[in-house]
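Asks: What follows is a single structure, and I will ask about it in a moment.
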Amino acid sequence: MGDMSNSDFYAKNQRNEGNHAAAFGCSLMELRSLMELRGTEAVVKLQEDSGGVEGLCKRLKTSPTEGLAGAQTDLDKRKEIFGKNLIPPKKPKTFLQLVWEALQDVTLIILEIAALISLGLSFYHPPGETGGESCGAAAGGVEDEGEADAGWIEGAAILLSVVCVVLVTAFNDWSKEKQFRGLQSRIEQEQKFQVVRGSQVIQLPVADIVVGDIAQIKYGDLLPADGVLIQGNDLKIDESSLTGESDHVKKSADKDPMLLSGTHVMEGSGRMVVTAVGVNSQTGIIFTLLGAGVEEEEKKEKKGGAVEDGHQNTVKKQDGAAAMEMQPLKSAEGGEADEKERKKVSAPKKEKSVLQGKLTKLAVQIGKAGLLMSAITVIILVLYFAIDNFVMQKHPWMPECTPIYIQYFVKFFIIGVTVLVVAVPEGLPLAVTISLAYSVKKMMKDNNLVRHLDACETMGNATAICSDKTGTLTTNRMTAVQLYVGDVHYKEIPDPGVLPPKSLDLLVNSISINSAYTTKILPPDKEGGLPKQVGNKTECGLLGLVLDLKRDYQPIRNQIPEEKLYKVYTFNSVRKSMSTVIKLPDGSFRMYSKGASEIVLKKCSHIQNEVGEPRVFRPRDKDEMVKKVIEPMACDGLRTICVAYRDFSSNPEPNWDDENNILNDLTAICVVGIEDPVRPEVPDAIQKCQRAGITVRMVTGDNINTARAIAIKCGIIHPGEDFLCIDGKEFNRRIRNEKGEVEQERIDKVWPKLRVLARSSPTDKHTLVKGIIDSTMADQRQVVAVTGDGTNDGPALKKADVGFAMGIAGTDVAKEASDIILTDDNFSSIVKAVMWGRNVYDSISKFLQFQLTVNVVAVIVAFTGACITQDSPLKAVQMLWVNLIMDTFASLALATEPPTESLLKRKPYGRNKPLISSTMTKNILGHGVYQLIIIFTLLFVGEQIFDIDSGRNAPLHSPPSEHYTIIFNTFVMMQLFNEINARKIHGERNVFDGIFRNPIFCSIVFGTFAVQIVIVQFGGKPFSCQPLDLEKWMWCVFLGLGELVWGQVIATIPNSRLRFLRRAGQLTQKDELPEEDVNEENEEIDHAERELRRGQILWFRGLNRIQTQIEVVNTFKSGTSFQGAGALRRQSSTTSQTQDVTNVSSPSHVSLSNALSSPTSTTAATAPPTTGQC
């Protein structure tokens, strides 16, 4: 969707302009220009053009209270004229493009060239009959005419096998992309928004919202479209995603009514009329520009593609910075962005995921070794040939023999490349991708929606989980079970008759009015089920109390609709209370308040007595009340809510903005004890976590006693253990010094024993997570997972290694910041995520153990064989077949092993544990030794054992020998049976355990066996195979079966004897870059990664690119914060792995939105995308 589609789009709009005005009172362009205004400007323009918001609603043919009628024809017309609420995704790569990308692999290119040379030379015949004799031994086997003609087969076969490898790779990439698109659309379908249609509040998928809809917005929403505020209560919006200003912007219908898509509602609630959707919304406009920018960038890149990577990046970084310096950021007030914002841009990414870091390192190590071996092989072959021919036999170099010599050299070169091909485990990226994709797909069934692929694997290393209480550990179905009213503490909800009538009326009114009107209790879906709770669950519990007291809240709400509420102080994490002011018929005001009991009671100066009259409430009464009422309730695990009120005279009207004085001097009505039962499956899940070496900590906003009671029920703490249960105040006292700064040493004294943090603010949660991650106490850096549902949990979710957002209770903001969404809000799903994460790690290890055995053996055989017999016993095509089954199929077979509960019985591996454990090294070396002994025995004395002709020292183009066929066949059989051994990596004895639970594995093993029979019996010349009889087949299979027996022998050798085993792929402490150094270290990472074959770089980049695309598509489809600019990081090839899309803060985009208003800056508008790499 570059320039082309852009201009088409505008042209189409211009054409439609004519019919706009006819159908609706205002055109698309009018609305677009309206949405570019801010503050008073916008209010004035609205008044002039439409006569305020009501007038705008009239022009858009909608009602501010009842919404659209919802007739399908009307909706379709609106979509046609004003656009749909979706931003078209980038077109997926076609299969051919993927094939082309797979062909870029360096080793494959080398092979193709070698094969083509070999092909060309095979058709060349030396002139003259005497050519054969005069070229000496070199032409030894060319006599047989038929054979000479078959010389082209090897080259053709290599080309064919390259085609196979490329197609398989491309197909995998294609299916991967398809899976992600599926996942993507599922994420999008799940995002719904509350809209009023035909006087009914309904939940609509975001894509179905049209211009003219009346949307209800509330705390935590992410706005799906642009709109104008009709009515709002205490509304504050975080517009940083569009303006880069971190301060929250107050919105009100009379001062600044403009609401923009992609911004977050941080406080309050309200209603807006939708004025622009999809590509016409502010986010959409910027995205359209960005789309054009990306394409131009790509064109530029193609022209100057050969610039060296690292250099290119630094240049881009500077450009980006310059572009930003030049354009001061404008916000509603027109102020400039402060230094802080600028610094935020260059914030580094979370480090590479543990597995990626280890694999990169391992791949570099293996790649180097392979390159060395293949180079030595070629050199030795060439020298041996030259010395043998020209020195020992004293043949002169004859010009007409040159092609024959070149043919030999090409053959040696092909052998060398083949060694390299087998040495480099390109199956590794495939195994990782398959394993992750398979896990992600299966995790969907376990209620984990994975947004960032590597989160799945990081979760396997988690050592700590900081979990919310409400909804995650508990059912989030609140029910009022105890009540303190009129000086009496009722242990169960009393009959309304026994309560003082005055108190009862006040209580019912207070709860009905002072709660979000979107919160309701609906009749149950199923007969005999529990009533359905919609909205805030605590408020649902209180409304439930009203119904239990045989009263109804709806008539009261109908009497005082939302527009009539005079002032609302919405709930936030600082106030921990909510208050609503209404105007009474006599003109005076009454404020109802509710909130955490110890906080509201502190503000009460009176309390209602047994007849419902206020009496003085002294500090010592408060202390007594806390001891006798609140603590006993909390110790039963109840959440305590205090309901209060206060009357104000109308003359003079109080200053409502002076919050401290308003929310004071209250009269308490009652204290309600609300129960939120622990989910039945949680205690078991927590026990599993503790067995698996993961510490579970509860971080909650609740009272400390409630939190402790629930923690005991869950099994997070056990009576008699040495642990800490503290509240936020105490936590801050312990971790901050005299100046109030957080000190790491102090946190280190607290966190190891901390199990419950109560009455905590979002900042406390973030501080705790950061403190645990940055701690250097333990030898391993802790890997922390965090759950969150509120808008304010965003920072902690982002900081954590893995952030879990709640799919049901979670706000859009929390979901955006998270890595995994729990679709059922259940803690036990986190345990499943841990299991899957560990399974990914184990799958990769299984594959590595298998792959490296093949590589070690194949390389040594080819190398020594080449040095001793001047010909590799395993031919190029055979090696490619081995490479294909061992890489592609084995990765498929071993990466799709389903996880078992036993994965949760061990401690996490940790960041520094080597990828290849000592047990695995023992297995690799042990099996390698067995295979080498067998193959060398067959190579040097095989012809005597089987009584056949020797295949050694065969001349060029000689027919395939039975001898070498037996070696090839035995080699493949040994790999097949070793694949079964590779299923266990912790030294288990029973390698067949659970093998039939994995049908993919079984079918691949049998499939490979069948194809091998075909190759040996009918492969002939292309595969250098001679058909074998049954007896020889039996011997090959028998030698293969020896692998299983030998595996048992290896398992008996204790690891302690094998201290010498070197650990590959270890992430040492120095590899783990502290966050600040990531930028300085960029260059070094580059060198390491440049040594990788381009293939590996491509797949790392591929993974990265997919993550980015997902994030971008996410970002825009959901109309999210504009951080998708990170998409542009795709262009920085390797450093991109050390950056993170989420940290690309928004300033760069402002230039874009401004660019729209000033035509002169359009050139600048397409440039800033380079800031994607800042």
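The backbone N, Cα and C atoms fix where each Cβ goes, glycine too.
What TrEMBL lists as compositional bias 'Basic and acidic residues' is 300-319, 337-349. The compositional bias 'Polar residues' feature in TrEMBL is assigned to 1140-1156. Here TrEMBL flags 1157-1174 as compositional bias 'Low complexity'. Taken from TrEMBL, the feature domain 'Cation-transporting P-type ATPase N-terminal' covers 47-123. Summarising the annotation, TrEMBL assigns region 'Disordered' to 300-349, 1127-1174. Marked as transmembrane segment by TrEMBL: 369-387, 412-438, 847-868, 924-942, 962-980, 1000-1020, 1032-1053.
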Asks: Assess whether the transmembrane segment (847-868) lies in contact with the transmembrane segment (962-980), where contact requires at least three Cβ pairs under 8 Å among residues 6 or more apart in sequence.
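Replies: Yes, the transmembrane segment (847-868) contacts the transmembrane segment (962-980).
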Asks: Using a cut-off of under 8 Å between C-beta atoms, tell me which stretch among 412-438, 924-942, 1000-1020, 1032-1053 contacts the transmembrane segment (962-980) the most.
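Replies: If we count Cβ pairs closer than 8 Å to the transmembrane segment (962-980), 1032-1053 scores highest.
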Asks: Which of 412-438, 924-942, 1000-1020 shares the most C-beta pairs under 8 angstroms with the transmembrane segment (1032-1053)?
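Replies: So the stretch in question is 924-942.
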Asks: Is the transmembrane segment (924-942) packed against any residues at least 6 beyond its ends, judged by a Cβ distance under 8 Å, and which are they?
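Replies: For the transmembrane segment (924-942), the nonlocal Cβ contacts are 849, 852-853, 856-857, 860-861, 864-865, 869, 873, 916, 948, 952, 963, 966-967, 970-971, 974, 978, 981, 1039, 1042-1043, 1046-1047, 1049-1050, 1053, 1061.
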Asks: Would you list the DSSP helix, strand and coil counts for the residues of the domain 'Cation-transporting P-type ATPase N-terminal' (47-123)?
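Replies: Residue counts in helix, strand and coil order: 49 helix, 3 strand, 25 coil.
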